[in-house]
Amino acid sequence: MTISPPEREAKKVKIVVDRNPVETSLEKWAKPGHFSRALSKGPTTTTWIWNLHADAHDFDSHTSDLEDISRKVFSAHFGQLGIIFIWLSGMYFHGARFSNYEAWLSDPTHIKPSAQVVWPVVGQEILNGDVGGGFQGIQITSGFFQLWRASGITSELQLYATAIGGLVMAAAMFFAGWFHYHKAAPKLEWFQNVESMMNHHLAGLLGLGSLAWAGHQIHISLPINKLLDAGVDPKEIPLPHELMLNRELMAQLYPSFAKGLAPFFTLNWGEYSDFLTFQGGLNPVTGGLWLSDEAHHHLAIAVLFLIAGHQYRTNWGIGHSMKEILEAHKGPFTGEGHKGLYEILTTSWHAQLAINLAMLGSLSIIVAHHMYAMPPYPYLATDYGTQLSLFTHHVWIGGFCIVGAGAHAAIFMVRDYDPTNNYNNLLDRVIRHRDAIISHLNWVCIFLGFHSFGLYIHNDTMSALGRPQDMFSDTAIQLQPVFAQWVQNTHFLAPQLTAPNALAATSVSWGGDVVAVGGKVAMMPIALGTSDFLVHHIHAFTIHVTVLILLKGVLYSRSSRLIPDKANLGFRFPCDGPGRGGTCQVSAWDHVFLGLFWMYNSLSIVIFHFSWKMQSDVWGSVTASGVTHITGGNFAASANTINGWLRDFLWAQSSQVIQSYGSALSAYGLMFLGAHFVWAFSLMFLFSGRGYWQELIESIVWAHNKLKVAPAIQPRALSITQGRAVGVAHYLLGGIATTWSFFLARIISVG
């Protein structure tokens, strides 16, 4: 006998908003700390201002109503988008008003991009260097010029129009943020309707977004860039609306346009292969990816996401239910599997945010690697300053997101985790064997640390003793990265083997010939050797330590053998009360604090490796006699000792920033000095004792009382947690600005 299954319930999507839930009033803006009973009384001590900053955006502490918290977060997102549009508008406005974009467009290999002109106040005009084409300004390394050319922008007037459009969008975002909190605020069930959210984000944002960009690339970017590549004067190129409306004009450049949509509806899509290509490699004129490959990519991505956006069950009884998928996800050894995770992810926005930050951060680091290996925009590859800036930027952004993932995962564990709903599921099982996980991870870190540094120490010792034949190097004892070389070769051979329709490999870095643009190397095969093998294991070591610190913070955020009731103490606390020595700096917050230092450690070595490797083995000038690299291939010979890193990278390459005074790069010299100072200032907070400062403050207050000038607000030393926060902020700010000035002064001088 067959039993028909009960009819699957289909979620009926209703319009779920509350009308006018919160009146619009500016009065709260005049009451700092209005969200907290303690803070709204005003300051009695200087601790008040620190607590105000710490809690202003901690919506959890303002109310326990999940619906109101969700609305505040939703509204704040619109505010964030508004700020982003204003920033973007400012970038386009600078391109329109203060830049040499049109001159750069006419000669991108000789003229450098500039979109900032310094006003003379007391001699600052020295910063306006000669960037070519008779323009004086600061050389920029953001990549906007290359992006604008790829988009098909041919005049500064178009940049003006786009800048105004950005401000209009910003206004729309700010309005939406106000409207969806004060006028029509979504109910909690709207925020928790994950199937509808997935469908709309996948099909709308990613699917239609990619489709719109593919359409722009096909109808506007491709024809304009084809004409620019052929040397047509930007002023002679047809305007975008002409290209969109005049099919004959397009058919001259791409003959398949003459056939209209017939091949599309008869499924003969191959007819369009003149503008939807699969060439691989780089355009030899611009050193960027083929824009026709990019259009093809975005169209294919759009199709995939439009399909994906119809996967989840909403009003109709078909498609996936997220809860069913998660609860069906059981392995033979994992107990209840993912049961209970649906409830976590629909009621804890910290848990949701932790996963999204981990994914987005990892993606940002992947983007950093793709942007130099497969430069997406024309003339990006030969602009070495921009290449270095984009790599560094995406690596650091990724690192901050990943540490943020650790932070919010721990906040979820402390504030939102309910053990009763998580019995024997994967999360519970991970927490129950956390000792095994952390001790094994700790062993891995010790192993990697001693072995990777041990190889360097061996080399430094042998080098000092004058025994080069006993060193690990490409010329003595070789430690070749054979697996990486095999991966490179496999990808290089793909067009003949696994990807027969591609005309060339995805990236020139896999192998093949040098791509040179205007006498500079755009990209060439990257040979890996012993020095790369050594520093790779330093990367493995530092990344594993960062993960160890963050994961330990998450897994022990509610309890530990040392402090069994840690969950009651909250996310951040200095110590487990008086009389319990040795329990300081164990809060989940302190793990995030320590994780930030190791993230910075880890990624400094990544960007140093990239910077030196590219200058040594890739970037340089091309003449009839061959390639001359910036540092002449010294990476393989020098980067296998710690002394080599100190002498031939840090010391040798800092000469440009140290000697920049009196030149257009002098601001980088001052920044290098100032950022070192900011970094050193952080140590005052990190190595300090709170009692020392409290004692000092009280003697200073005594002096003020004597003179009858004592303040009404009593001064207090920073708490331990506040001191560490100020310390890590200045440590990272100082370190990042030091690296920024060091990199840019160097690469703008020699690149």
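The chain as shown is numbered from 1 upward.
Heads up, the Cβ atoms here are built off N, Cα and C, so glycines get one too.
Annotation comment: Swiss-Prot describes Cys575, Cys584 as [4Fe-4S] cluster binding site, evidence class sequence analysis. Residues or ranges marked as chlorophyll a' binding site in Swiss-Prot: His676. If you look up Swiss-Prot, you'll see Met684, Tyr692 marked as chlorophyll a binding site. Taken from Swiss-Prot, the feature phylloquinone binding site applies to Trp693. Among the features that Swiss-Prot reports, transmembrane segment is placed at 73-96, 159-182, 198-222, 294-312, 349-372, 388-414, 436-458, 533-551, 591-612, 665-687, 725-745, with the record citing sequence analysis.
Recorded features from Swiss-Prot, shown on the structure.
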residue	record	DSSP (3 states)
Cys575	[4Fe-4S] cluster binding site	coil
Cys584	[4Fe-4S] cluster binding site	coil
His676	chlorophyll a' binding site	helix
Met684	chlorophyll a binding site	helix
Tyr692	chlorophyll a binding site	helix
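Non-local neighbours of the transmembrane segment (388-414) in the same chain are 141-143, 344, 348, 350-351, 353-355, 357-358, 360-365, 367-369, 371-372, 546, 549-551, 553-554, 557-558, 567, 570-571, 588-589, 591-592, 595-596, 599-600, 602-603, 606-607, 610-611, 614, 736, 739-740, 743-744, 747; each lies 6+ residues outside the stretch with a CB under 8 Å from one of its CB atoms. For the binding-site residues Tyr692, Trp693, the greatest number of Cβ atoms within 10 Å around a candidate Cβ is found at Trp693.
Listed as Cβ neighbours of the transmembrane segment (198-222) (distance under 8 Å, sequence separation of 6 or more from its ends, same chain) are residues 150-152, 240, 243-244, 250, 253-254, 275-276, 291-292, 294-295, 298-299, 301-302, 305-306, 308-312, 314, 322. The two recorded residues Met684 (chlorophyll a binding site) and His676 (chlorophyll a' binding site) have their Cα atoms spaced 13 Å from each other. Sequence-distant contacts of the transmembrane segment (533-551) (same chain, at least 6 residues past either end, Cβ-Cβ under 8 Å): 402-403, 405-406, 437-438, 441-442, 444-445, 448-449, 451-453, 455-456, 472, 479-481, 484, 591-592, 594-595, 598-599, 601-602, 605-606, 609, 639-640. All protein chains considered, the CB of Cys575 ([4Fe-4S] cluster binding site) has 17 other CB atoms within 10 Å. Across the structure, Trp693 (phylloquinone binding site) and His676 (chlorophyll a' binding site) place their CA atoms 24 angstrom apart. Counting residues 6+ beyond its ends, the transmembrane segment (159-182) has Cβ neighbours under 8 Å at 20-24, 71-72, 74-79, 81-83, 85-86, 88-90, 92-93, 95-97, 101, 148, 153 in the same chain. Long-range neighbours of His676 (chlorophyll a' binding site) (same chain, six or more residues apart, CB within less than 8 Å of its CB): Gly734, Thr738. Cβ contacts within 10 Å of Cys584 ([4Fe-4S] cluster binding site), excluding its own Cβ and spanning all protein chains shown: 13. The separation of Tyr692 (chlorophyll a binding site) from Cys575 ([4Fe-4S] cluster binding site), Cα to Cα, is 18 Å. Tyr692 (chlorophyll a binding site) and Cys584 ([4Fe-4S] cluster binding site) have their C-alpha atoms 17 Å apart, to the nearest angstrom.
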